[in-house]
Amino acid sequence: MLKIGPYEFKSRLLLGTGKYPNFDVQKEAVAVSETEILTFSVRRMNIFEASQPNFLEKIDVEKYNLLPNTAGAKTAEEAVRTAKLAKASGLCDMIKVEVIGDQKTLLPDPVETLKASEELLKEGFIVLPYTSDDVLLAKRLEEMGCHAIMPGASPIGSGQGIVNPLNLSFIIEQSNVPVIVDAGIGTPSDATIAMELGADGVLLNTAVSGAEDPVKMAKAMNMAIEAGRLGYEAGRIPKKRYATASSPMEGMSIS
Ligand SMILES: CC(=O)[C@@H](O)[C@H](O)COP(=O)(O)O
């Protein structure tokens, strides 16, 4: 089970809702992914205006846990304001803190992310910050009280996969709260690697919504995350420098 604050989830896949070719494909992809957590940008949702386009219009939102995110925020102040809007709409008390520090790489601003997370924790939110793969920053966010840490695999939408598995493994090793690898996943095998490293979950969007067949890819991601988790729990064999026979002859009576 994936436990985030007071919530428990069977699925370890968190899915974004943007950039699908149409709402029918989005709906089917979400269904086959078997995700229980959908994230969406509060700023793009028009949550208070029923007449405006709704990016979740074909989805039965009652069936999912919604994880609003503060995408578009460049400062802690903007992120806090956006989070409060989401909470006021009654959608959920979880918030993905996303404060972008650079528009080319879309990497998170560490100082503003810390500030926003601290403020939102004080306000009683369940806080999941999107952060870089900086090990010490992840530690500070956990010590502050964040309910999960979400280090990036690589830049949002880049599909580069996990560029620094060593840092991710340090973050996972030190963490007492769930670590959810967020952003940059390109293929099912990237998601499996994150889970084999010991991540508690994976958040992804572009790899599914931008695939040639988003529904097939959503299914593949579901299976990949499940496989990676099983492999992690099963415990991998140690790597050796030289070969060891798969069928040893010792103790056999055949000469
Ligand atoms: C939807 C969302 O929250 C994104 O900002 C997230 O980081 C996913 O990134 P990818 O699109 O690279 O999977």
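Even glycines carry a Cβ here, placed using N, Cα and C.
Annotated features in TrEMBL:
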DOMAIN    4-248  domain 'Thiazole synthase ThiG'
ACT_SITE  Lys96  active site, schiff-base intermediate with DXP
BINDING   Gly157, Ala183, Gly184, Asn205, Thr206  1-deoxy-D-xylulose 5-phosphate binding site
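Within 8 Å of the centroid defined by the CB atoms of Gly157, Ala183, Gly184, Asn205, Thr206, the record's 1-deoxy-D-xylulose 5-phosphate site, lie the Cβ atoms of Gly16, Pro155, Ile156, Ser158, Gly159, Ile185, Leu204, Ala207, excluding the listed residues themselves. Counting other Cβ atoms within 10 Å of each Cβ, the binding-site residues Gly157, Gly184 show the lowest value at Gly157. Note: the CA-CA distance between Gly157 (1-deoxy-D-xylulose 5-phosphate binding site) and the residue listed as 'active site, schiff-base intermediate with DXP' rounds to 17 Å.
As a whole number, the greatest separation of Cα atoms within the 1-deoxy-D-xylulose 5-phosphate-binding residue list Gly157, Ala183, Gly184, Asn205, Thr206 is 9 Å.
Of the binding-site residues Asn205, Thr206, Asn205 has the largest number of other Cβ atoms within 10 Å of its own Cβ. Taking a C-beta cut-off of under 8 Å and a sequence gap of six or more, Ala183 (1-deoxy-D-xylulose 5-phosphate binding site) has these contacts in its own chain: Tyr130, Gly152, Ala153, Ser154, Pro155, Ile156, Gly157, Leu203, Leu204. Around the Cβ of Lys96 (active site, schiff-base intermediate with DXP), the number of neighbouring Cβ atoms within 10 Å comes to 28. A distance of 16 Å separates the Cα atom of Gly184 (1-deoxy-D-xylulose 5-phosphate binding site) from that of Lys96 (active site, schiff-base intermediate with DXP). In this structure, the CA atom of Thr206 (1-deoxy-D-xylulose 5-phosphate binding site) is 17 Å away from the CA atom of Lys96 (active site, schiff-base intermediate with DXP).
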